[in-house]
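A.B. asks: Once you've had a glance at the structure underneath, I'll fire off some questions.
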Amino acid sequence: MAKFELYAEVDVSISGHQYPIIICRNGLIDPELINRFITSKQVLIVTNRTVAPLYLGHLQSGLPSKQCDVVILEDGEEHKNQRSLFTIYDSLIQNKHHRDTSIIALGGGVIGDMAGFAASTYQRGVRFIQLPTTLLAQVDASVGGKTAINHPAGKNMIGSFYQPQAVIIDLNTLKTLPEREFRAGIAEMIKYALLVGGPFFERIQAVLQQGLTVHSPELPLLIAECCQVKAKIVEQDERESGLRALLNLGHTFAHALETYTDYKKWLHGEAVAIGLYCAAVLSEKKGLLDKPIVDQVEKMLIHAGLPHKIPNSIDLIQLRELMSLDKKIKNNCLRFVMIKKPGACYIDDSVTEDCLHNTLINVVEGEQK
């Protein structure tokens, strides 16, 4: 068995619970690393039909002394639902998993969300470990303890805050990631660049202009920096009462677009990319953001190979109605993360219907601002 090669470690401390984010290579095939965080005799691995043939066998071979059960779910956001969740519960109950069991999430953000939610609720909470295999999950979804399933009315409507025992990011898993999935993860990196600004924003701009790939030497450090940014925010505001809400930049638009298309047109990161551009245009319409910065955001998304316009086939009135179901609404006010400049974002609940409608019209394909 290979030994893992450590690139970086980010320590997270939330509400007295501490855990590491380990960025490495060969982490999935080093039994010593995996078993460091599994003290129980029982383990349930939750994965999907895409990831299982690639990595499940490697992970299982490192757990020979455990009762190791497996749930293999269908792949895709449209399967992040009650039916999949109860498939996990059924396996835990049928295989007589006790309160000291551990759940391992092996996959992308969808698997992490569902396995985490199952862990937070099975027998009022059991241990779980994140092994994210997509770039989006590595830089965003696996960090911070948000878990959820979707409801037909909207995305992530049923969920909890529940922190893992560890997040092990094995960079080797990105080698088998389809290019479209890799690009989708870049959207969350651009989000962090807009939130942080300064040298980090400039670095992301530069690597995207050069062409960021799975083989780029800058990638491990960029992943670590994204994890550090999110960890720092989540440590200060675990339950999204203030600062953490900034991490929703672009997501009010993105979630509505995903729900509108029944999660079948875009990957989550692609919807976020469109949402980031919408947020930039909205900020410009409110007189907050200079047009050259909006153009920079557009260029970053184009360099990343991501969509940024709303297709003209989308009914904007229906899209606006879906936004009214957004779970980030407070006091009946729809809240948006606004951008004054990279590194200066804030929550705004005073966006008028006219301003929002004008923004949506101007980000439709073929329309000019």
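Positions of Cβ are set from backbone N, Cα and C atoms, glycine also.
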A.B. asks: May I ask you to find which of E179, E188, E353 Swiss-Prot records for the Zn(2+) site already listed with H251, H268?
C.D. replies: E188
A.B. asks: Measure from the Cα of D75 (NAD(+) binding site) to the Cα of every one of the binding-site residues E188, H251, H268, then give the nearest.
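C.D. replies: Of the binding-site residues E188, H251, H268, H268 has its Cα closest to that of D75 (NAD(+) binding site).
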A.B. asks: Using only C-alpha positions, which one of E188, H251, H268 is spatially nearest G109 (NAD(+) binding site)? These are the binding-site residues in the record.
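C.D. replies: For G109 (NAD(+) binding site), the spatially nearest of the binding-site residues is H268.
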A.B. asks: Measuring Cα to Cα, how many angstrom lie between H251 (Zn(2+) binding site) and E78 (NAD(+) binding site)?
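C.D. replies: Their Cα atoms are separated by 17 Å.
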A.B. asks: Residues near the Zn(2+) site, E188, H251, H268 excluded, by Cβ within 8 Å of the Cβ center?
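C.D. replies: Leaving out the recorded residues gives L136, D140, A141, A187, K191, G250, A254, G269, A271, V272, G275.
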A.B. asks: Quiz question: given the binding-site residues D75, E78, which has the greatest number of C-beta atoms lying within 10 angstroms of its own C-beta?
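C.D. replies: The most densely surrounded of these binding-site residues is D75.
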A.B. asks: Sorted by position, what residues of the same chain at least six away from G112 (NAD(+) binding site) have a C-beta under 8 A from it?
C.D. replies: A105, Q130, P132, A137, A141, S142, T147
A.B. asks: Which chain-mates of T176 (NAD(+) binding site) that are at least 6 residues away have a CB under 8 A from its CB, listed by sequence?
C.D. replies: L54
